[in-house]
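What follows is a single structure, written as structure tokens, with notes after it.
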Amino acid sequence: MEVSGPEDDPFLSQLHQVQCPVCQQMMPAAHINSHLDRCLLLHPAGHAEPAAGPHRAGERAKGPSPPGAKRRRLSESSALKQPATPTAAESSEGEGEEGDDGGETESRESYDAPPTPSGARLIPDFPVARSSSPARKGLGKRPAAAAAAGSASPRSWDETEAQEEEEAGVDGDGDADVDGEDDPGHWDADAADASFGVSAGRAHPRALPAEEIRQMLEGKPLADKMRPDTLQDYIGQSRAVGQETLLRSLLETNEIPSLILWGPPGCGKTTLAHIIANNSKKHSIRFVTLSATNAKTNDVRDVIKQAQNEKSFFKRKTILFIDEIHRFNKSQQDTFLPHVECGTITLIGATTENPSFQVNTALLSRCRVIVLEKLPVEAMVTILMRAINSLGIHVLDSSRPTDPLSHSSNCSSEPSVFIEDKAVDTLAYLSDGDARTGLNGLQLAVLARLSSRKMFCKKSGQTYSPSRVLITENDVKEGLQRSHILYDRAGEEHYNCISALHKAMRGSDQNASLYWLARMLEGGEDPLYVARRLVRFASEDIGLADPSALAQAVAAYQGCHFIGMPECEVLLAQCVVYFARAPKSIEVYSAYNNVKACLRSHQGPLPPVPLHLRNAPTRLMKDLGYGKGYKYNPMYSEPVDQDYLPEELRGVDFFKQRRC
């Protein structure tokens, strides 16, 4: 590496004096070290009166800084040999001087030297290394007028970040470098908005390059990255946590009771707990999160023990959040009971299952159940648009016909990403109120389109490719594969749908019956379960009005067992339509229920079986009177007058009366 002296460096020859950071006096650079030793003895740090000195126009006046804040500056010979190429710090400085705020952009240097007479020379107290790295050459282009008017300024160690931004194609203010006079793939964002049909009804930020969007989407799921931290950013659930609701008032005053958050997936249960956690940290409240899918009883006991210590020694509250609390069995849930009762912990549980069935009744009585509903389409659109804007993606108005492939750019340049407004609406509808599904579907669609363009450039070997990546409605549908159907074979929706199917057939609505059948099968329901329910329906609701209905149901069950899904769909559909059209009769069903009611309401021992109805297989039984007086009906041509009920129930008709 060649070391240059000040006489060989044209950049250092332009500077002569530097400013003392303590007393603000100007002096030759060679004397600054000895001057600082004397100045610090005469003027303690922070008490020196600054001397008046010139500052560059538009630059903020900077106060004195301690000597330790002085930073050495390196001069790179590769940059000095190209006076037309500005540094990243100079580019950002120039933009700050021309901005509306009158030079609010600060320089990246620790402090800037004042202007010196032309031809003056600065003698540094350390050698300046000349860099010969090829990566530092040709980092940017500068207009000739700007190169002639501006003079080079010292480079500090802080300019490394600016240099990296310049290499990545980012200018001083952090935005993408759109100086496309020498870039064949350059495009103007404003011109693209006008010609490419950017939706005017929705706010959109400045478009970011595709590679930057890709980096933003990598790592955690988009749904986790977009999780809000405050109630003000919480979208939806106005009935539960809207303005002037009791729960919102309690959360804002940090008086949090024990809660059970019940709602479908993606409705905001975990997000609401995340907001409570952030608010708790501000008030020095412990917030512990456990998942019932992997936590054990010992983990819960450890948290409770630590909560007891925190409460005893530091008077500090503990909030315990249990995600998927329904995965705990009843004995595990009993662990919380005494500690919730005495206030050792504040329990917040989240569940997608009906807490009436899945949560211990004693624990449920000590918690307030908050029902979170499925997010409406309007809320889903708002959530998706917030994510789209944060990613720097433009929304296009699909009513204006455009051809996104009509513009091409160099494969080495980064395109911008656009999405159709109807694609956003479709994603909001297909998500079915699940914000997690919608955001992750958006992430998948964007990454898939960016990857397809990258593979196109790599495999085709072509120089140019579309300069705009457009996400269409088909891309969104392909990412979700199908309509997002909320259905859980082991959850409440399982019972809701089979109940709806049963009632639709009972009401002779063949259209609704087919709908609920298809919804269950498309949601992944076991066809044999549906067939078993149809066998039950044949006797319960049709009964003797059409005795062949039971044969239809049994045949449908056997057919489903033989051929399976998806071929058995039509078998079940035929059976469902047959039952919806068949006459209904609950005579047998009601009579049997009357018999059960009679047995359950009987007081005392049940009456014995009459002797003439008992079987007498042995001689002893015959001697005891078993079967004595029984009349064998086939031996009589006329009806036989004989009682078949116990003596206490003579005259009871279960087909006409409910109780015996």
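Cβ atoms here come from the backbone N, Cα and C positions, even for glycine.
According to Swiss-Prot, the feature Zn(2+) binding site maps to Cys20, Cys23, His31, His35, Cys39. The feature ATP binding site is assigned by Swiss-Prot to Pro265, Gly266, Cys267, Gly268, Lys269, Thr270, Thr271. Annotation comment: Swiss-Prot describes 76-89 as compositional bias 'Polar residues'. Residues or ranges marked as compositional bias 'Acidic residues' in Swiss-Prot: 92-104, 159-182. As annotated by Swiss-Prot, compositional bias 'Low complexity' applies to 135-155. The feature phosphothreonine is assigned by Swiss-Prot to Thr85, Thr116, with similarity to another entry given as support. The feature phosphotyrosine is assigned by Swiss-Prot to Tyr529, Tyr557, with similarity to another entry given as support. According to Swiss-Prot, the region 'Disordered' annotation covers 50-191.
This view paints the features noted in Swiss-Prot onto the structure.
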residue: Cys23; record: Zn(2+) binding site; CB count, 10 Å: 19
residue: His31; record: Zn(2+) binding site; CB count, 10 Å: 14
residue: His35; record: Zn(2+) binding site; CB count, 10 Å: 16
residue: Cys39; record: Zn(2+) binding site; CB count, 10 Å: 19
residue: Pro265; record: ATP binding site; CB count, 10 Å: 17
residue: Gly266; record: ATP binding site; CB count, 10 Å: 26
residue: Gly268; record: ATP binding site; CB count, 10 Å: 27
residue: Lys269; record: ATP binding site; CB count, 10 Å: 26
residue: Thr270; record: ATP binding site; CB count, 10 Å: 20
residue: Tyr557; record: phosphotyrosine; CB count, 10 Å: 22
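The closest partner of Cys20 (Zn(2+) binding site) among the recorded positions, by CA position, is Thr270; the full candidate set was Gly266, Cys267, Lys269, Thr270, Tyr557. Same-chain neighbours of the Zn(2+) site beyond Cys20, Cys23, His31, His35, Cys39, judged by a C-beta within 8 angstroms of the site's C-beta center, are, in sequence order, Val22, Gln25, Met27, Ile32, Leu36, Arg38. Within 10 Å of the Cβ of Thr271 (ATP binding site) there are 24 other Cβ atoms, across all protein chains. The Cβ of Tyr529 (phosphotyrosine) lies under 8 Å from the Cβ of Ile498, each of which sits 6+ residues away along the same chain. Packing around Cys20 (Zn(2+) binding site) is summarised by its Cβ count: 23 other Cβ atoms lie within 10 angstroms of its Cβ, all protein chains included.
Of all the binding-site residues listed here (Cys23, His35, Cys39), Cys23 has the Cα closest to the Cα of Pro265 (ATP binding site). Here Cys267 (ATP binding site) comes close to Gly236, Gln237, Leu372, Glu373, Lys374, Leu375, Gly433, Asp434, Ala435: these same-chain residues lie at least six apart in sequence, with C-beta atoms under 8 angstroms from its C-beta. Mapped onto three states, the DSSP output places Gly268 (ATP binding site) in coil. Checking each of the binding-site residues Gly266, Gly268, Thr270, Thr271 against Cys23 (Zn(2+) binding site) by C-alpha distance, the shortest gap belongs to Thr271.
Excluding Pro265, Gly266, Cys267, Gly268, Lys269, Thr270, Thr271 themselves, the residues of that chain whose CB lies within 8 A of the CB mean position for the ATP site are, in sequence, Gly263, Pro264, Leu272, Ala350, Leu372, Ala435, Arg436.
Put simply, His31 (Zn(2+) binding site) is 67 Å from Gly266 (ATP binding site) when counted between their Cα atoms.
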